[in-house]
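*Asks:* Dumping what Swiss-Prot says about this protein:
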- Glu80: active site (ACT_SITE)
- Asp108: active site (ACT_SITE)
- Arg195: site 'Important for efficient shutoff activity and nuclear localization' (SITE)
- Lys198: site 'Important for efficient shutoff activity and nuclear localization' (SITE)
- Arg199: site 'Important for efficient shutoff activity and nuclear localization' (SITE)
- Lys202: site 'Important for efficient shutoff activity' (SITE)
- Lys203: site 'Important for efficient shutoff activity' (SITE)
- Lys206: site 'Important for efficient shutoff activity' (SITE)
Amino acid sequence: MEDFVRQCFNPMIVELAEKAMKEYGEDPKIETNKFAAICTHLEVCFMYSDFHFIDERGESTIIESGDPNALLKHRFEIIEGRDRTMAWTVVNSICNTTGVEKPKFLPDLYDYKENRFIEIGVTRREVHTYYLEKANKIKSEKTHIHIFSFTGEEMATKADYTLDEESRARIKTRLFTIRQEMASRGLWDSFVSPREAKRQLKKDLKSQGLCAGLPTKVSHLISPALKNLEPMWMDSNRTAALRASFLKCRKK
C-alpha cells in the first residue's frame with residue numbers, strides 16, 4: 001500500500017499526510033491504510049478548491065489551469081493540511097473578518113462566496129450513514145457538509161452541492177480510479193475492511209521483523225486529517241504557493 005500511495009498521489013499530498021501522521025506518533029510505513037485514507041481526503045480537498053475563483057463582482061468563476069488570472073481571488077480557503085496552530089489561526093482570521101460563527105472542530109475549507117465553512121468527507125461506506133455521523137459530531141448548521149464515496153455517490157447539506165457538476169464529476173472519477181487501482185493490486189479489500197487491514201498489518205510487521213515486542217494493535221490517536229474522513233490531481237499552478245504556505249521544506 002505504501003508504494004501505491006507514493007506512486008498514486010502528488011508528492012506534496014504525500015508529504016502533508018506524512019507530516020500529519022508523524023505529528024501524532026503514527027508511522028506511514030506501518031499504518032499504510034490510514035496513510036492512503038489521509039492522502040485521499042487531502043487530495044479531494046485540494047480538488048474541491050482547484051480552478052474556482054471569485055471575480056471583481058463577487059461572482060464565482062472557473063478558470064482552467066494555465067490562464068493568467070492572478071488578480072482573481074481563490075473562492076476556497078484550504079484549512080485542511082495545515083498544522084493545528086496555523087489552521088486555527090486561519091479560522092480565527094476568517095471569523096474576525098467575515099463575522100461567521102467559529103466552528104467547534106477544525107473544518108476543511110472556507111467558501112468565500114457562500115460565506116461558510118465546509119467539512120469534506122470521503123467514505124468507504126454508505127454516504128448517508130457517514131453524513132449522519134459527521135452531522136451528529138459537528139452539531140452545527142453553520143458548517144456545510146459534503147460527503148463523497150468511492151462508488152460515485154455524494155451527499156451534502158440540504159442537497160446543496162456547492163460545486164458545478166463537472167467539478168464534482170472530476171472528484172468522483174478520481175475516487176473511482178483510486179478504487180480500481182487499489183483493486184488491481186489486491187489492496188482494496190484490506191482498505192475497506194478493518195479486520196482484513198489488521199491481518200495485513202500483522203503480516204507486514206512479521207515480514208519486516210517488527211513483531212517481536214510490539215503490540216499488534218494500531219494506535220487510536222486520530223490525526224487531524226483523519227478526523228475528517230473515514231476511511232486525487234491538483235492545479236499545478238497552485239502547487240508552489242500551497243507548498244510555501246503549508247510546508248517548511250528541509251534542505252537536504
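Just so you know, glycine gets a Cβ as well, placed from its N, Cα and C.
Since the structure is predicted, the reported quantities are computational estimates derived from the model, not experimental observations.
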*Asks:* Pop the Cα-Cα gap between Asp108 (active site) and Glu80 (active site) into the table, whole Å please.
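*Replies:* Between the Cα atoms of Glu80 (active site) and Asp108 (active site), the distance comes to 5 Å.
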*Asks:* How many other Cβ atoms sit within 10 Å of the Cβ of Glu80 (active site)?
*Replies:* 28
*Asks:* So if I draw a 10 Å sphere around the Cβ of Asp108 (active site), how many other Cβ atoms end up inside it?
*Replies:* 28
